[in-house]
Amino acid sequence: MPPLADASTETLSPAEQAAVRHPEKAHRPDQPIARKPDWIRVKAPGSPEWVETQKIVKEHKLVTVCEEAGCPNIGECWAKKHATFMIMGDTCTRACAFCNVKTGLPNGLDPHEPAHIADAVQKLGLSHVVITSVDRDDLADGGAEHFAQVIRAIREASPKTTIEVLTPDFLRKDGALEIVVAARPDVFNHNLETVPAKYLSVRPGARYFHSIRLLQRVKELDPTIFTKSGIMVGLGETRNEVLQLMDDLRTADVDFLTIGQYLQPTRKHHAVEAFITPDEFAAYAEVANAKGFLLVSASPLTRSSHHAGEDFARLKAARLERLGR
């Protein structure tokens, strides 16, 4: 019997750790982990700036998606003192086949978390911050009010910091989206993750067209907020399916599209069906730009929050250019 979900995993094998973090995947047959191609290589973290970022995160008892999702860009981002904070705990109520975040029954919300996040943003001197969360289907509003509290706390502590939220879908949470939008983040990101044909096997707890409508509704509520969405490729999707997804996002007036390579966290997760080449990513970016997105980022190591601050500046410039200013 595997240890309980809150037990220490330091002495466990990789397979045992996976069972602790992902008990809902224990029944899945092991999937082979393919060798990464030469174009997917990152430097190991360990710079003084990386260590300082890690220290601030730990001192404030914060959770980052950089760590929980096993992001390959953590060394680069933390060296620049960039971190994506994951609020409302480290335990998700869903069990997506691609995701390395722990699944289970989450704890209650920490009322001090907004202040802790705001203090960390101030100490890191962030000009742009990304706030994401686990899915909290157990909460009546899906955690929307907590998102709003975090946004307001950052605004008070660090008024010049621009704020990007990467939210869950708030499925069956009436009024939740409106609460987050009313707090006026600068960027509202919600990832589609994959094409609709793959939802049942990759993202079974979500609904593709609900996510499209969520993004469209943000623009209806506040057209000044930039909207953003991201997908992974290499999950078995076809090129035509990706192009149709681009059209769906443009119909919802989404400003920014990110496309990155799916990387398999453990043998219990969805297998990598293909490694997309840099040239294929460049071709996707060319098509997406032609379809009218303000900004497109497509590469093997592209992730939703990678270079988010620089991308926000580019988004603002692209909007002004399109408006002829």
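Residue numbering: from 1, along the chain as shown.
Using N, Cα and C of the backbone, Cβ positions are placed for all residues, glycine too.
Taken from Swiss-Prot, the feature region 'Disordered' covers 1-32.
The feature compositional bias 'Basic and acidic residues' is assigned by Swiss-Prot to 19-32.
The 10 Å shell around the Cβ of SER305 ([4Fe-4S] cluster 1 binding site) contains 27 further Cβ atoms across the protein chains shown. If you look up Swiss-Prot, you'll see CYS66, CYS71, CYS77, SER305 marked as [4Fe-4S] cluster 1 binding site.
Per Swiss-Prot, domain 'Radical SAM core' is recorded for 78-294, and the stated evidence type is sequence analysis. Across the domain 'Radical SAM core' (78-294), the model assigns an average pLDDT of 95.
Sequence-distant neighbours of CYS92 ([4Fe-4S] cluster 2 binding site): residues of the same chain at least 6 apart with a C-beta under 8 Å from its C-beta are CYS99, VAL101, LYS102, THR103, GLY104, PRO106, VAL134, ASP135. Taken from Swiss-Prot, the feature [4Fe-4S] cluster 2 binding site applies to CYS92, CYS96, CYS99, supported by sequence analysis.
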Practice item. Note the Cβ centroid of CYS92, CYS96, CYS99, the recorded [4Fe-4S] cluster 2 site, then list each other residue of that chain whose Cβ lies within 8 Å of it, in sequence. Key: ARG94, ALA95, PHE98, ASN100, VAL101, THR103, VAL134, ASP135
Study note, to complete from the structure: Residues near CYS96 ([4Fe-4S] cluster 2 binding site) by Cβ (under 8 Å) yet at least 6 apart in sequence within the same chain, in sequence order, are GLU193, VAL202, ARG203, PRO204, GLY205, ALA206
Study note, to complete from the structure: In the three-state DSSP scheme, CYS96 ([4Fe-4S] cluster 2 binding site) belongs to coil
